[in-house]
């Protein structure tokens, strides 16, 4: 494991405070990363408390295994949090978890390590997989997908305005030479993007789209939210930190639907009577953002949005 890359945990105190940790509770960290949130949770648990960590990244798993060797209250598994339903079932924890934390997106060590292939800033192999042993790499996707599919990924997941133009440039270039390096792809995307945003690399959105697609991030999020609700006990808390509008929209709509129902979207004078909506969760407060002090110390926290819900039934 390369220890030269550090990670500053975003909304550390705020997220753990939102969990309302009980000393004897059972908690789940769905995105262990480098263990910032997990360590703070463990510091608030008593001898009977338990914490289960999830991560797909082998470097995160190595860090988690070292922590598990130090603290018997902690266990880590190499799975996506989308699979927390089956994991909690297997461990007899379904409906018994006191709180679940999901800190979404890519970590600083993943972005900063060129060998992981996440960043256009540092040249490396074009991979982008959280778990390099599973699924296809970004290079494999770019090499085989039709232009229409590449454009869809750039537009739908990267919110890239010039997705079609950039995808066509990628396909034209791959017919001459395949893409193997991040800098190579970034250069082609840069040339194909006719309208650069001030202060933003023109490959940013396309790279985000690729990463989300390769790791099925939005699909995992939707599955993980549903599984989290089933895993929680009544009164248990769900805390989610997202880093871009696509993630936050999914979290916001999921919580709103379970807290308020869909009655507001129905016509007022329907000839049938609907059963009164019974909320499944209560939303705690408004969306929370990193403080000015935190964003100054850690610029990557600027886009963080935290939402909190409590299971009612």
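Note: Cβ is positioned from N, Cα and C throughout, glycine not excepted.
The S-adenosyl-L-methionine binding site annotation in Swiss-Prot covers 35, 36, 37, 55, 81, 103, 110. Taken residue by residue with DSSP, residue 36 (S-adenosyl-L-methionine binding site) is part of a helix.
Pairwise Cα distances among 35, 36, 37, 55, 81, 103, 110, the recorded S-adenosyl-L-methionine-binding residues, top out at 18 Å. In the three-state DSSP scheme, residue 103 (S-adenosyl-L-methionine binding site) is classed as strand.
Less than 8 angstroms from the CB of residue 110 (S-adenosyl-L-methionine binding site) sit 57, 116, 118, 130, each of them six or more residues away in the same chain.
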